[in-house]
Amino acid sequence: MSSVLKTFERFTIQQELQDHEEDTPVPLETIRPLIRVFVVNSNDPALRAQLLLFNLRIIMSNTARESHKTGALLSMFSLPAAAMGNHLKLATRSPEASIDRVEITGFEGRSFRVVPDARSTMSRAEVLAYEAIAEDIPDTLNHKTPFVNADVEQGDYDETEGFLELCYSVLMQAWIVTCKCMTAPDQPPISIEKRMAKYQQQGRINPRFILQPEARRIIQNAIRKAMVVRHFLTYELQMAQSKTLLANRYYAMVGDVGKYIEHSGMGGFFCTLKYGLGTRWPTLALAAFSGELQKLKALMLHYQSLGPMAKYMALLESPKLMDFAPAEYPLMYSYAMGIGTVIDTNMRNYAYGRSYLNPQYFQLGVETARKQQGAVDHRTAEDLGMSQADKVELAATLAKLTIGQGGRGRQPLDDPFAGAAGDYQGAAAGGAQGFDYASRRVRKYNDYESDEEAGMDDDYEQEAREGRGYDDDDARQGIGGQSGFDFSVPQRAPGMSDEEFQAQMTKYIQHVQQHYQEAQEGAEDGGYNQTTDDQGAGGDFDT
């Protein structure tokens, strides 16, 4: 039997790696469009600024073909290079298009009519056609300009610093819309605005050169449709991943925004590795996971064999991205997502709800994370020289913090006084919020996660949601027959000063603590945890 399992493991790995054998046939060369790219050999900032604005208008134009927009994008992304012609050789590596570099010496006056080099084969009719394309700006752009400020195109950029400020600001906005151009092109604008605000705060985008949202959308669609541009951007990203800390300003910005592009479209795979395998919790020993664990092992080897370009599979539109889809390992994915929702607040923004999400294994991950949050990794503990007492103390500390935030991994409630081990009852009969201690007499926090008590929690929460509360006798009396107390939080009345409101809150907290201590003294079975008994109400009412 063991030989069969070993053969199955080798078969699974080989199945993922067989596409990379040396005898794989080379695909046939397809028909490639001719893309004309305008370049300048001069470092004149005014000329380069005019070429940038010209390329930007070609991308925006209503009458421009896809090849026109692709050439304008390549020219625009090459403007920071001192030798544009040499830099464009990166684009010639792409099997998608043929590049025709056209050198220009300037523009006629303040117009967008290019002046080709004497060696160029560009005709006068083509020059006039490009000028007409640049002037055909869509009506959806305000003031017939891509920029929010209408006077940007009329500005003078005679100094190198002014041109670089304009160039870097425009290119950074193009890089920002590239981040999700393949995986989520219709994402809400708020995600783009957050990154825009980040780079404005860092001084990498000048607010004067902000593009209109419609202009950014057009640029994103143009990049999405032009594979040769995405190939070129991938080479740029690889050059930006320099091992040295000394880099020019442009590639430092490219390397920073490239972190949003890396592993795009592979969030499910890496989250499964991080939360499912990285935690190394005993639940992985389930027999149902054995086959998918072999699959994940094969996929990790498969990813390593793809080389440094594997990080940009979504940007490159690679079919190999489908190999890493979570549908290939649904149980491990569901289990990992359950863990992630408990231990990582960032998972709230991740849309993990898929048709292949298994609810049972998702809940298994949730319960495992709640129970194992105080677990200690034995190998790390051994490296740190932790004793058994240290492990117990660490687990107890984490358990106390978890209970103080609502119990069993729940998020803290809005009411700052609602953290007493989740003993929060939504509303009393009179509409005031209150705490019910009588329902928790039999609570034993040493066995906090027992199935019996979990059922008690569910019953308690269900009754609280339905507004029925518990037994009237318990609702009217505290623990040990103590008289009831109004636990409604004081509200700040209009015109009340800060000192008066603070005094009311202090008095309220003192009454709550006093009532809670009296309730503990009258408890018949001592059903509260040792930490609360030792510290009074301070452990549960942490103000």
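Each Cβ is built from the backbone N, Cα and C atoms, and glycine gets one as well.
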Per Swiss-Prot, which one of R195, R249 shares the RNA site with K180, Y260, Y350, R354?
R195
May I ask which residues of the same chain, at least 6 positions away in sequence, place their Cβ under 8 angstroms from the Cβ of R354 (RNA binding site)?
P326, A327, Y333
In three-state DSSP terms, the structure that R195 (RNA binding site) belongs to:
helix
Hey, what's the widest CA-to-CA gap across K180, R195, Y260, Y350, R354, the RNA contacts in the record, in Å?
27
Give the mean pLDDT for the region 'Ntail' (405-543) on the 0 to 100 scale.
46
Including all protein chains displayed, how many Cβ atoms other than that of Y350 (RNA binding site) lie within 10 Å of its Cβ?
14
Protein Cβ atoms within 10 Å of K180 (RNA binding site), excluding its own:
20
